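Asks: Right, I'll just put the structure down here and ask away after.
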Amino acid sequence: MPSTFPVFDPASPQAESIRDLFVQVLFISAAIFAIVSGLICIALVKFRESETLPAQDFGSHKKEIAWILGPVIVVIWIAAISIKLVLTVNALPPQYAKGESASDNDVDIFITGHQWWWEVDYADSGIVSANEIHIPTGKKLRVKLQSHDVIHSFWVPQLSRKMDAIPGHSNYIWLEANSPGVYQGRCAEYCGTQHAWMNFQVIAHDPADFASWQQKEQKVAPTPTTGQAAAGAELFMKLTCSQCHAIEGTDAKEDFAPNLTHLASRRELAAGAIAYSPENLRTWLANPQAIKPGCKMPNFKLSDEHLDQLVAYLETLR
Ligand code: CUA
């Protein structure tokens with residue numbers, strides 16, 4: 001169940017710092033607003049019918065010091081908590097601080113924005129996935145954000161700061177979750193027709209569960225040799241599917257479109273446009289443009305027989 005007010009329901013140290021800064025600045029501003037508007041109201045009521053000016057007070061050092069010191073303390077306080085926040089969320093690799101060019105050695109996950117889906121590459125395990133990011137809890141993962149085409153913005157309100165994915169320029173964020181759960185992420189920068197359906201989920205597991213997910217994900221489903229599924233596998237290579245998608249253990253190796261190696265164990269299709277189910281997969285293949293108009297997946301005008309075969313094959317990709 002996604003959080004209704006995710007910004008107030010942080011699940012990582014970074015998101016907690018952002019919430020704390022927001023709430024503190026909100027209360028400080030509210031207090032100043034209340035004092036100023038309260039004084040204005042008092043003056044309006046108390047002096048509205050008086051003929052003469054109220055008593056004027058010139059050259060009071062005490063009062064001058066008070067109204068200079070007050071705002072200075074408030075500004076220093078806000079600056080201090082802002083600097084603390086910046087230090088907490090800053091995920092630049094250490095080489096940057098030394099003025100060296102960054103290497104990818106410190107990166108745990110590479111995330112690339114595409115129109116309109118997210119590619120997820122795990123540095124250590126070599127796993128490639130799409131629109132679903134599995135992480136272990138309690139570990140600070142350095143994410144390198146890139147874009148394949150236009151500017152996107154990676155945002156998981158409960159976990160992290162928002163960060164743009166820019167073509168030709170890499171950005172870094174920490175991805176970390178305090179407790180297991182599913183955290184909704186979105187593209188937060190208008191990037192074309194299907195910007196609204198460029199969603200993803202971060203799924204945080206206990207370290208032991210993450211290890212078993214990783215093991216499962218590194219295995220590749222055997223290519224079916226009999227029945228509908230085998231016909232579907234053949235069709236997948238014969239049609240142009242394999243010119244955009246990759247499936248580990250087959251000749252399909254392109255990364256223009258989402259990697260389908262474990263498609264059937266994903267929770268959603270088409271970057272969150274519909275839930276994953278064999279029925280929805282069939283509807284999607286029958287006419288992707290009806291579900292996500294403008295997306296890069298064409299309508300292949302497949303026959304019912306071909307649709308059944310492809311769905312039977314893709315369902316084996318677990
Ligand atoms: Cu990608 Cu908006």
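Positions of Cβ are set from backbone N, Cα and C atoms, glycine also.
Unlike curated entries, TrEMBL annotations are predicted automatically.
Feature annotation from TrEMBL assigns domain 'Cytochrome oxidase subunit II transmembrane region profile' to 1-93. Per TrEMBL, transmembrane segment is recorded for 21-45, 65-87. Per TrEMBL, domain 'Cytochrome oxidase subunit II copper A binding' is recorded for 104-216. What TrEMBL lists as domain 'Cytochrome c' is 227-318.
Describe each of these features in terms of where it is and what it packs against.
Replies: With DSSP states grouped into helix (H, G, I), strand (E, B) and coil, the domain 'Cytochrome oxidase subunit II copper A binding' (104-216) comes out at 13 helix, 54 strand, 46 coil.
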Asks: Cβ under 8 Å to the transmembrane segment (65-87), counting only same-chain residues 6 or more beyond its ends: which ones?
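Replies: For the transmembrane segment (65-87), the nonlocal Cβ contacts are 17-18, 20-21, 24-25, 28, 32.
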